[in-house]
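Everything on this sheet refers to the single structure shown next.
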Amino acid sequence: MGMSSLKLLKYVLFFFNLLFWFCGCCILGFGIYLLIHNSFGVLFHKLPFLTLGNVLIIVGSIIMVVAFLGCMGSIKENKCLLMSFFVLLLIILLTEVTLAILLFVHERKLHSYVEEGLSESIRRYYSDNSTKAAWDSIQSFLHCCGVNSTKDWTSGQPASCPSEQGVKGCYTQTQEWFQSNFLYIGIITICICVIEVLGMSFALTLNCQIDKTSQAIGL
């Protein structure tokens, strides 16, 4: 691989990460917006930090940091930054694989835990403004009512529940959506993993080529 190939690889990795850095900025900005306006509130009171705004802020921040390391490491041909980029991508990839295995193994426990948490939050609807905001937003957005059905609202359905007959519960509707779109979700997940592996491969290749170029010019 000559100098021209090194420059091509460097700029490909730079623009690749620059695009992801802008995506991270958008996700972070949207998460901050949701956090400030508290649009979705809190659903799981045992995990009060688990809100859509907080999740988007964390994801956006991680993407921005990793993409920044990739951008600067490639354009500056800095081995330390490139290896940091590689290690972070490796940690993220291993975390994703571990989470996928845990979700598969403990699927039933997870379903019961989520259902129990949602049922508990319904009982807090009229006493907690944050919970009320969360349920109103979700039921209006997903066009659903309750956890599994409208019967979950023992004290009467809120105004955010659709008025027509045969409305499904929010958790039931979400499960059905995941099942019907499982193939597409799997393809997207595989694509993300492939992109991460490609990023790691580019970083290692560029790092090795920097060593070879340095030796060739006697540095």
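Note: Cβ is positioned from N, Cα and C throughout, glycine not excepted.
Taken verbatim from TrEMBL:
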type	residues	note
DISULFID	Cys145-Cys161	disulfide bond
TRANSMEM	12-36	transmembrane segment
TRANSMEM	48-69	transmembrane segment
TRANSMEM	81-105	transmembrane segment
TRANSMEM	182-206	transmembrane segment
>> Do any residues, 6 or more residues outside the transmembrane segment (81-105), come within under 8 Å Cβ-to-Cβ of it, and if so which ones?
In response: 17, 62, 65-66, 69-70, 72-74, 189, 192-193, 196-197, 199-200, 203-204, 206-207, 210
> Counting only other Cβ atoms and using a 10 Å cut-off, which of the disulfide-bonded residues Cys145, Cys161 scores lowest?
Replying inline: Cys161
> Is the transmembrane segment (48-69) packed against any residues at least 6 beyond its ends, judged by a Cβ distance under 8 Å, and which are they?
Replying inline: 17-18, 20-21, 23-35, 38-42, 81-82, 84-85, 88-89, 92
